[in-house]
Amino acid sequence: MKKIFATKLLRPQVLENSRGVRAEELKRFYRRILDKARKNENIEISKESAMLMNNILCRMSMGRSFSEENGEAERVRGLVGESYALVKKIFFAATLRRLLEKLRIPLFRKEIMGVSDRFDELLERIIVEHKDKLEKEHQVMDMMDVLLAAYRDKNAEYKITRNHIKSFFVDLFVGGTDTSVQTTQWTMAEIINNPNILQTLRKEIDSVVGKSRLIHETDIPNLPYLQAVVKEGLRLHPPGPLLIRTFQERCEMKGFYIPEKTTLVINAYAVMRDPDSWEDPDEFKPERFLSYSRSGQEDEKEQTLKYLSFGGGRRGCPGVNLGYIFVGTAIGMMVQCFDWKIEGDKVNMEETYGGMNLTMVNPLKCTPVPRTQPFSFTSNLEILSS
Ligand code: HEM
């Protein structure tokens, strides 16, 4: 499945084809925030950005977004949340696995089956919807169409089953949404707590993008400070702080004997705050990434070993590029178009390991205040409304 992720959904050419979808969803995200700003209402950054990320991923993969009106979108978000909570329970229960198995206590079987059945029901409906559409339109349009075509094709490069298709989408929702949402929330909180960084970032965006159009993802390569801010947000607040591997074979490492099937837990959070590797490790200093890329001193291999926000190796995150696009454009738009008011002087940065991901104890709530003239959009052109 990972190969399918890498070749069919996330390779640069495919990402380029779906750029229009992401641009449209970014505009919808902007309009929702603008609406709140006009009503002087506060927003919960994680809820708004979850809607953005979910809609983009669903449209990229299934050619549709889940409807907010009939509660479908909320059901998907709920299922993803339940999956995270379950993984956390299973992870901690694994330490007692032998004892529980001896006592013949099944590990969360009922809960796992419950979530799995509900995902199954939802995805089955979407598969049927696609098959009907394909029969009528005879067009290959999105990921689901491509996978269904491969499922029917006896000579396809990848032999896939209906269950493969379903598990692919579960991986996509679970791996792709909350990670990007948490990163957006944490990075925005750091920006609000550091007004100097907000000013520097805004200056860069204003000089590259200006104030007469909305930021595009194609602007990101020309916004090195924005890239550094996102990277630093990910360093201090990696949504996946623990990486897990199992040894396939026994081996010896630096004098330690490691038996076969040993589970290894890597604390990526601690690695990325290690004072031996990072100067002022607990401080939010995006500049550190600018100086690395300018001086070229940092050996790439060394960087890979100490920067683990996307994991690494064969099981590393296949969605890195998309993740940077999601977070970069969301943060870029929020900084470009709005000022942000919070209650009190500083955002409370207390953290909790709330499921599979590192999240905020008090979700970030703030009130947007427009700083640019509102944009109105006619097709793909942006104009200033008077
Ligand atoms: C800022 C955003 C993101 C972060 C921080 C992130 C982080 C991670 C991390 C830490 C892992 C585990 C890697 C390991 O164990 O070495 C992972 C795996 C994964 N991620 Fe991401 N991710 C992000 C966005 C995405 C997106 C947008 C997608 C899909 C479109 C995605 C799909 C996946 C999948 C499918 C896996 C499992 C890979 C496997 O098991 O081999 N991620 N991600």
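These residue numbers are counts, starting from 1, taken along the chain as shown.
Including glycine, each Cβ sits where the backbone N, Cα and C put it.
Taken residue by residue with DSSP, Cys317 (heme binding site) is part of neither helix nor strand, so it is coil. For Cys317 (heme binding site), the Cβ neighbour count at a 10 Å cut-off comes to 18, with all displayed protein chains included. Annotation source TrEMBL lists heme binding site at Cys317.
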